[in-house]
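One structure is given below, encoded as structure tokens.
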Amino acid sequence: MTKLENDTFIRALLRQPVDYTPVWMMRQAGRYLPEYNQTRARAGSFLSLCKNPDFATEVTLQPLARFSLDAAILFSDILTIPDAMGLGLYFADGEGPRFERPLREEREIRSLIVPDPDTHLRYVTDAVRQIRTALNNRVPLIGFSGSPFTLACYMVEGAGSSEFRQIKTMLYARPDLLHHILGVTAQAVTAYLNAQIEAGAQAVMIFDSWGGALSHAAYQEFSLRYMNQILDGLKREHNGDRIPNILFTKGGGLWLESIMASGCDAIGLDWTIDIGEARRRTQDKVALQGNLDPAVLFSSPEVIAAEAGKILASYGHGHGHVFNLGHGISQFTPPENALALIEAVHAQSVRYHTD
């Protein structure tokens, strides 16, 4: 078993007693930090940053050098899997990620294969090992993947989308093709996350960034169903340690009970749901992660502390809460405001963990 200097994050995910509410931030290693931008400039491109374990390690550790965060998260991108499937990931200036060969033809879809994480994604597992060594058991390391549906959105659309015309057309006109994409992708995500766990990830998170774009019935059939398949095949222990998992569907507040039924350890919440109401609905059967609106970090330290305090008070006394943003931190966030949030959560949360 691994002895961590700070295991508060892991204990909170497992709903065990903690002395304060742990905090980390989605995209905590990112463009709001000047040191990140310097490293990215040295790397030459975002993909080079992701695919070089030395750079990925450096960037992963940068926010921990600034802030008293309770977890590190692997620096990578959710689109590594479709890139390894041969879709040709690239980043256009000012346009975000794009694929050279989006999935539109049945022949291409039927020929999809599950990439071997030990070969096609070796740079990711190498980075996990390197980061674990550099962390030296200071705090736990989170591994992650996009959900099958979210990955499929990019794979079919060929880029980010606001209306999801291509994938929703496929969903209703050729659901068999979309199910095939999702089935292969679910196998790929399972293998990928298990490889991260074997390399040293101490918790894993599935980002379902676009599941909230679906109708109620479509979410159950095309998103949650395949996350359930991943959880069924996911390692829950490694080298004697529990490996907790987090499911995060942006816009998923309608479906908390269904997500909880998946058997996940924790549910990530965006900022559109009251965390106290989410706790009542889930009846302390899962941990909850979230859920400050990232835009709060554009305000003052006083407002940040007050808004963080509202979330802590809404969750209330007891364990099972990991504080986070409701989505990724903006590149325009002043770093000192991220510091104000972390300090406020640590200071204000102690009262909720005392008898």
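From the backbone N, Cα and C atoms, a Cβ is placed for every residue, glycine too.
The structure displayed is predicted, hence computed values, not measured ones.
Of the residues His319, His321, His327, Swiss-Prot places His327 in the same substrate site as Arg27, Gln28, Ala29, Gly30, Arg31, Phe46, Asp77, Tyr154, Ser209. Among the residues Arg27, Gln28, Ala29, Gly30, Arg31, Phe46, Asp77, Tyr154, Ser209, His327 said to bind substrate, no two Cα atoms are farther apart than 23 Å. Using a 10 Å Cβ-Cβ cutoff, Asp77 (substrate binding site) registers 18 neighbours. For Ala29 (substrate binding site), the same-chain residues that are 6 or more apart in sequence and have a Cβ closer than 8 Å to its Cβ are Tyr36, Val59, Thr60, Gln62, Pro63, Ile73, Phe75. Ser209 (substrate binding site) has a Cβ environment of 22 other Cβ atoms inside 10 Å.
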